[in-house]
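Right, one structure below, let's go through it.
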């Protein structure tokens, strides 16, 4: 009698392919292709009295459900969706649709034969507490999005929507920009001396350490005049151990991939997902790494033994590290969760380079190196500190010499090793050179994707599965733009953030957002009921919502931009077609770009610098059609125009299109209609070409 096939359901076709290859002919592995049920897209879908959600099949997934029902009919079914909350919720939805009960849930951190076979032999029941935590998150996000977004659309034309966690992240970015705008640099001096090629920095005055920003011109000049020789008062020597890094978790992988590889967070997660689920290679379909959404640095005993064998064989026994405890980022991290690591350490980056595409290889390489390094011995340095004195001034330098490389043999970090110098304690030395460098304190840096993820994690905002979505949503909505890797809040972003701060202060408050994450954790841990958490949130939120709906809200910011007609300052207002500038003295109106890098502080919009910068940078890449010269954008009495640097050619328009007119090959310019709508028109008066889309 033929053995009845078991059916395993996973989220992705790639994962299905990898698992089916492992389990063989007695198993059929099919894919749900992600979520199958959700709240309705065109209505609220939550009863606010009971907080019961109204789930429905996601449009377009009907055929997928039909196929799953057909494939599973009369068979034993196991659900192997991802092991995070979202994956548990997918398993719960599938279980409901298929009327399953009992132990039908399997999880694993890596897709390897041993792990998959073990999990198939040990199914468990769906973790309803984890499902409830995900349901609470989904309903929280639906309440905020569905209730605030219509207000935004009504008040701020051009605003897309408001998200719960994204709004807190937007405020963090806007607050940083305000600090940058208000920052006033303070001048200071860097002072160092040189003795026999040894450079020592000013450390203190009269036995007290001095902060670098407190070194004044007066101090620098006095040192130049009075310090001719120094006495080497003391040489201290100590051995320093440099610990190997912990293996990657989601946030640290995202940060390193952004910093070292230049990958956006979303790209990192897409590649990591593929490496986890399995990739078609010339050696077959292979899974390369463990599950990529984790905040645990725990390493399984099997993985420790695998790494130990590799390190001993490759580098020798003295490179083996001592057992480290995996650091848990929060108390609800389960033992099932592991760090992000290679599933087979024998697949070295050199081998992987021949199996993976360029970007997959780059990401796998840093994951492999970080994991192997984490299981190796620390590096050892000998630090020699020299303390020089001249009168009241004290100068210090430390020369480091590495005496054992340890983990740095494969994971080198930026630390210079200097050669020891022959200097004797108690002796006097002539100062060969005094270096004085004028500098100034710097404003706080703008966030990059890497530093924003680090901040969100530190503040407890979001979770490993949400960081990529938070950033991509802010960029898609044009609340933030990316300039040379920096995340820069736009004028629209500031207006939205200011509205939310005034009307829904808790939604943008980072402490409150972090508290809500803790509440979701408590649901997962069984410490709180999910409906209790929703009720507590909504009882306060509904009052803010009612007040916001009752109160008239208008956008009317003072600006620092002067009207060209009457020299009075414009006001930033909102009209039928979005934000615009209005001079209340002479009535002149002016359109404004929503994505300008302006700053809003209290009731003032600082836009002048942003507009000046935009004018300078908005220079046409097209050459003059008359002489081939460079076209520069200028501003005249009747608006913007472009003028050739070499001849008398001019053309009016806000911007020149990337492509030429498809009819006559003349320059095409961006213009605005009477209704303030943007369109593109040919500059040739004899040509009637016009388009709503920019010719490329």
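Cβ atoms here come from the backbone N, Cα and C positions, even for glycine.
Since we're looking at a predicted model, the values are computed, not measured.
Database features, via TrEMBL:
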type	residues	note
DOMAIN	5-113	domain 'Toprim'
SITE	35	site 'Interaction with DNA'
DOMAIN	127-546	domain 'Topo IA-type catalytic'
SITE	137	site 'Interaction with DNA'
SITE	138	site 'Interaction with DNA'
SITE	141	site 'Interaction with DNA'
SITE	146	site 'Interaction with DNA'
SITE	153	site 'Interaction with DNA'
ACT_SITE	291	active site, O-(5'-phospho-DNA)-tyrosine intermediate
SITE	293	site 'Interaction with DNA'
SITE	477	site 'Interaction with DNA'
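Proximity of residue 35 (site 'Interaction with DNA') to non-local residues of its own chain (separation of 6 or more, Cβ distance below 8 Å) is seen for 58, 61, 90, 93, given in sequence order. DSSP states for the domain 'Toprim' (5-113), grouped as helix (H, G, I), strand (E, B) and coil, give 36 helix, 20 strand, 53 coil. If you take the Cα of residue 293 (site 'Interaction with DNA') and the Cα of residue 141 (site 'Interaction with DNA'), they are about 20 angstrom apart, rounded to a whole number. The CA atom of residue 137 (site 'Interaction with DNA') is located 21 Å away from the CA atom of residue 477 (site 'Interaction with DNA'). Recorded residues residue 146 (site 'Interaction with DNA') and residue 153 (site 'Interaction with DNA') have their alpha carbons 11 Å apart, per Cα-Cα distance. Residue pair residue 141 (site 'Interaction with DNA') / residue 477 (site 'Interaction with DNA') shows a Cα separation of 17 Å. Rounded to a whole number, the distance between the Cα atoms of residue 291 (active site, O-(5'-phospho-DNA)-tyrosine intermediate) and residue 138 (site 'Interaction with DNA') is 22 Å. Other Cβ atoms within 10 Å of the Cβ of residue 293 (site 'Interaction with DNA') number 24 in total over all chains. Distance from the CA of residue 153 (site 'Interaction with DNA') to the CA of residue 291 (active site, O-(5'-phospho-DNA)-tyrosine intermediate) is 39 Å. Cα to Cα, residue 477 (site 'Interaction with DNA') and residue 153 (site 'Interaction with DNA') are separated by 13 Å. Summary for the recorded positions 146, 153, 291: the Cβ-based neighbour count within 10 Å is maximal at 291. The number of other CB atoms found within 10 A of the CB of residue 141 (site 'Interaction with DNA'), across every protein chain shown, is 16. Mean pLDDT of the predicted structure over the domain 'Topo IA-type catalytic' (127-546): 93. For the recorded sites 137, 138, 477, the largest tally of other C-beta atoms within 10 A is found at 137.
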